Amino acid sequence: ALGLRRAGRGGTWSTLALAAFAALLHWSHITHLFENDRHFSHLSTLEREMAFRTEMVILASWYRIYTRIMDLIGVQTKICWTVTRGEGLSPVESCEGLGDPACFYVAVIFMLNGLMMALFFIYGTYLSGSRLGGLVTVLCFFFNHGECTRVMWTPPLRESFSYPFLVLQMLLVTHILRATKLYRGSLIALCMSNVFFMLPWQFAQFVLLTQIASLFAIYVVGYIDIYKLRKIIYIHMISLALCFVLMFGNSMLLTSYYASSLAVIWGMLAMKPRLLKMNVSDLSLWVIQGCVWLFGTVVLKYLTSRIFGIADDAHIGNLLTSKFFSYKDFDTLLYTCAAEFDFMEKETPVRYTKTLLLPVVLVVFIAIVRKITSDVWCVIGKQQTHTRKQQFDHGELVYHALQLLAYTALGILIMRLKLFLTPHMCVMASLICSKQLFGWLFCKVHPGAVVFAVLAAMSIQGSANLQTQWSVVGEFSNLPQEELIEWIKYSTKPDAVFAGAMPTMASVKLSALRPVVNHPHYEDAGLRARTKIVYSMYSRKSAEEVKRELIKLKVNYYILEESWCIRRSKPGCSMPEIWDVEDPANAGKTPLCNLLVKDSKPHFTTVFHNSVYKVLEVIKE
């Protein structure tokens, strides 16, 4: 369907075979890394992500079907053994095999991300027009593996489910931009990939916003026609509506910048005849359309949020505001004080340079910019129409350049989002094999010689990066949390309500099955408000005031962690300092958590404590 025969002689089957090999290689690599860091070395993340996830329903149904079929035909699906831990600790059972729920869960994630590597090979091959391009993409991904993905260390992250479908979605967009005729199958596939990308991950809408902006930009300049963009906009609208229904009416989708942008562009396409009647130059028309899109999107987003009373994504706008201005509040500080939501670290571009990924991408980007400059100059200079049409045929290259700029901006502002930037850089690197950009060079030098010379230079640091990953060996152990969970199971009522740090609450919900008042789903305004009340335990407020608010939430037990009171990732980022911004009236007082660690009375009673956790029972009057 993607016309892979353009990759050269040998046809589609050899390309698919190489893609399958790439998938197997990546699956083997991430499985090996995970096995080295054995027994869920990031169990807190696993519990945090597993406890409240929609895709868990799908995986659970697959697991039940799999185990019932295997039981029916008499095939053993897991092997279990008892581990004696010594030091007065009780033995634990450990299991391996797809019959174990946790192993099944992780295996499905790894298989999905293995298939993603096959998509990357096909993507690089199709974009560059050469299987060498697919090879460059895959090897760049491996050489920069630590910058591309976190699936081997934290498999349950929502991006582990969602991102592979973005790769498929961008491949389909590339095909649609390049194709001279649109087929219904391609549009349906684009719609489904949009849905599967958005369903697991709340941040997907912001990524798709950058894509829509990039597509609109290349339409304005003239790289795609109105018919093609209109079809893409319709598909995005349909997939957004489907996600709204499948997410049980998640109103945050309808009031997002993504939805507003789609509506504004749809309106501008409908007004195209009137815009063409304006007696202005092409350059002025481009500027007008860009300003209308930007202003219209912001205004429509504001109006829809006010009309529907939706504030679930307000913290995202505040987070971006804090990046450019001195704005601070409780929610933004919780984000920006975490390293993954801070600005991109200075070492990241250095690591890109050492593997030559950044230099190669810069060469490709400059070649595309030269092409754009030439095309734009033709329009401004009013050259002949047939010349402009010929030069404006390769809109997919310009789209990828604009998407690279968007991902770069996201990655610089929020370090975690470099997981979009780095893989896209790997895809862009495949264009060193493109005859459209470097045909003048390949007339003098064989393409294979250029590619293998670049890959050989990349492999020097790339192989060192892989060796560093393979050398990571670890084993999970969290006895204090195990003691806490065991105490909760056997010493509290099944309907006892708990409050505390969000990661700990996910563990309590998942492992002890107790009700919790807050958990790691920060995209809900009500939940953010409850979390703020719960975290007031680490403020400088009085114990009586904090207890009064906890009673309103019907909290029976509060799990206090002293480390949360004293830890400080950087100046201004301890919990008491964060509360000083939110509650300046109490600044200078002793933090409540410090007082309760020493003596919890008279408003709380200590019912359990160990080296990490202290459980306080709320005394109700």
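Placement of Cβ uses the backbone N, Cα and C atoms for every residue, glycine included.
No curator has checked TrEMBL annotations; they are predicted automatically.
Per TrEMBL, the feature transmembrane segment maps to 12-30 (among others).
With a cut-off of 8 Å between Cβ atoms, the residues of this chain six or more beyond the transmembrane segment (102-123) that come close are 2, 4, 15-16, 18-20, 22-28, 30-31, 34, 40, 46, 50, 59, 62-63, 66, 78, 95-96, 134-135, 137-138, 141, 149, 151, 155-156, 160-161, 163-164, 167-168, 170-171, 174, 423, 426-427, 430. According to TrEMBL, the feature transmembrane segment maps to 102-123 (among others).
Feature annotation from TrEMBL assigns transmembrane segment to 206-225 (among others).
The transmembrane segment annotation in TrEMBL covers 232-249 (among others). Outside the transmembrane segment (232-249), and at least 6 residues removed from its termini, the chain residues within Cβ reach (under 8 Å) are 54, 173, 176, 187, 190-192, 194-195, 198-199, 208, 212, 215, 258-259, 262, 265-266, 269.
Sequence annotations record features per position, and here TrEMBL assigns transmembrane segment to 255-271 (among others).
Non-local neighbours of the transmembrane segment (283-303) in the same chain are 213, 216-217, 220-221, 255-257, 260-261, 263-265, 267-268, 275, 379-380; each lies 6+ residues outside the stretch with a CB under 8 Å from one of its CB atoms. Residues annotated as transmembrane segment in TrEMBL: 283-303 (among others).
Here TrEMBL flags 356-377 (among others) as transmembrane segment. Within the chain, the transmembrane segment (356-377) has long-range Cβ neighbours (under 8 A, six or more residues past its boundaries) at 140, 143-144, 221-223, 349, 388, 391-392, 394, 397-398, 400-401, 404, 422, 425-426, 428-429, 431-432, 437-438, 454, 457-458, 461.
Annotated transmembrane segment per TrEMBL: 397-417 (among others), in sequence order.
Residues annotated as transmembrane segment in TrEMBL: 437-460 (among others).
Same-chain neighbours of the transmembrane segment (397-417): 127, 170, 173-174, 177, 206-207, 210-211, 213-215, 217-218, 221, 223, 319-320, 323, 339-345, 348, 361, 365, 368-369, 371-372, 424-425, 427-428, 431, 434, 436-437, counting only residues six or more beyond its ends whose CB sits under 8 Å from a CB of the stretch.
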